[in-house]
Ligand code: HEM
Ligand SMILES: *[C@@H]1O[C@H](CO)[C@@H](O)[C@H](O)[C@H]1NC(C)=O
Ligand SMILES: *[C@@H]1O[C@H](CO)[C@@H](O)[C@H](O)[C@H]1NC(C)=O
């Protein structure tokens, strides 16, 4: 009898252990209603300023969406990307993925200053990035989702993290997947989130190698449609034109839709990191096909994966701070 009791107690401890653990997971503290009482107009203010900025320049939607990604992959979603260099802080804005590329910082500044007027030192810069990413997606025709909130802002930045943890366009499929896995994201998240490249631009320098000397043998990438490659070479010569801009999705460059996946299936993915999703891995290729065939499925998974990405190691409780100016620590 005593043995049975011990067995039952041991069994119930084992059975309920995962529940307790889940309740304390690192993402458990964010929730959409976080500012409902402390700053009820917060979401409206963010949306309004993002809408104004996107109306002025459509590409801004893409740039703001990307900022959240580049924030979350470096020490978590803590607005580290927004810090300028000063004192011991070396700005992530100087990193390889961000230099001459990341943009939208002025729009975040404008949102922050409006929020500081409405409710001083209440809404974090990290949450502004998460909300602006969602609003940018919706404004360009993509899915909507409730954004879990309550992130706080870092007191530091990581230039090396920005260089090492954000995937590069010439990384192999395996390297890219590994970088996602290090963030707790899987292959489904990788393919769905890459669908962000349905909007926005890339510079010639981000894909030139594919056009001229893909594997060091003086030949273009043979997984790239040759007539598409010929068009790209016009604006992206062997040397020079590094900053020339190209649509990531040439079919509907400013509309958030699944044409990115259709392009990949037609060997017209712009970046090497786009094309490898259909050429280097069976599971990934199946996902590309699924999203190319079914826009709703892409939208549903995109929303889910964005929430998951937004949950990467947030600072909560009394960790970090609420910056008054997103560019510097208080
Ligand atoms: C899977 C690995 C990824 C790689 C290797 C990658 C790489 C790149 C590169 C090289 C560019 C062009 C930058 C330039 O030339 O200035 C770019 C643009 C962009 N990326 Fe990604 N990216 C990846 C995933 C993501 C994810 C997960 C998101 C968002 C959730 C995202 C959102 C964007 C957007 C919206 C743009 C256009 C930005 C603009 O027009 O300002 N990317 N990406
Ligand atoms: C990728 O591109 C960067 C920048 O052009 C270069 O320094 C690096 O060697 C390339 N890496 C690979 C694996 O080709
Ligand atoms: C291609 O790249 C390889 C290795 O980086 C280099 O040795 C070779 O000279 C390049 N070929 C051309 C035609 O640019």
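Using N, Cα and C of the backbone, Cβ positions are placed for all residues, glycine too.
Per TrEMBL, the features are:
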ACT_SITE  70  active site, proton acceptor
BINDING   71, 74, 76, 78, 80, 92  Ca(2+) 1 binding site
BINDING   197  heme b binding site
BINDING   198, 249, 257  Ca(2+) 2 binding site
DISULFID  39-119  disulfide bond
DISULFID  72-77  disulfide bond
DISULFID  125-326  disulfide bond
DISULFID  204-236  disulfide bond
DOMAIN    29-330  domain 'Plant heme peroxidase family profile'
SIGNAL    1-22  signal peptide
SITE      66  site 'Transition state stabilizer'
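Residue 70 (active site, proton acceptor) is surrounded by 21 other CB atoms, counting those within 10 A of its CB over all protein chains shown. The average pLDDT computed over the domain 'Plant heme peroxidase family profile' (29-330) stands at 98.
Following the DSSP three-state reduction, the secondary structure of residue 119 (disulfide bond) is coil. Same-chain residues that are not part of 71, 74, 76, 78, 80, 92 yet have a Cβ within 8 Å of the Cβ center of the Ca(2+) 1 site turn out to be 70, 72, 73, 75, 77, 79, 81, 126, 154, 157, 158, 161, 162. Long-range Cβ contacts of residue 125 (disulfide bond) within its own chain (separation 6+, distance under 8 Å): 79, 82, 108, 112, 153, 323, 326. Cβ environment of residue 257 (Ca(2+) 2 binding site): 141, 142, 198, 295 lie under 8 Å away, each six or more residues apart in the same chain. Counting in whole angstrom, residue 77 (disulfide bond) lies 29 from residue 204 (disulfide bond) by their C-alpha atoms. Using a 10 angstroms CA-CA radius around residue 70 (active site, proton acceptor), the recorded positions that qualify from 80, 119, 204, 236 are 80. Checking each of the recorded positions 197, 236, 249 against residue 74 (Ca(2+) 1 binding site) by C-alpha distance, the shortest gap belongs to 197. In this structure, 66 are the recorded positions from 66, 77, 119, 198 whose C-beta falls under 6 Å of some atom of ligand 1. If you take the Cα of residue 72 (disulfide bond) and the Cα of residue 249 (Ca(2+) 2 binding site), they are about 24 angstrom apart, rounded to a whole number.
Each residue contributes its Cα atom, and for residue 236 (disulfide bond) and residue 249 (Ca(2+) 2 binding site) these two points are 16 Å apart.
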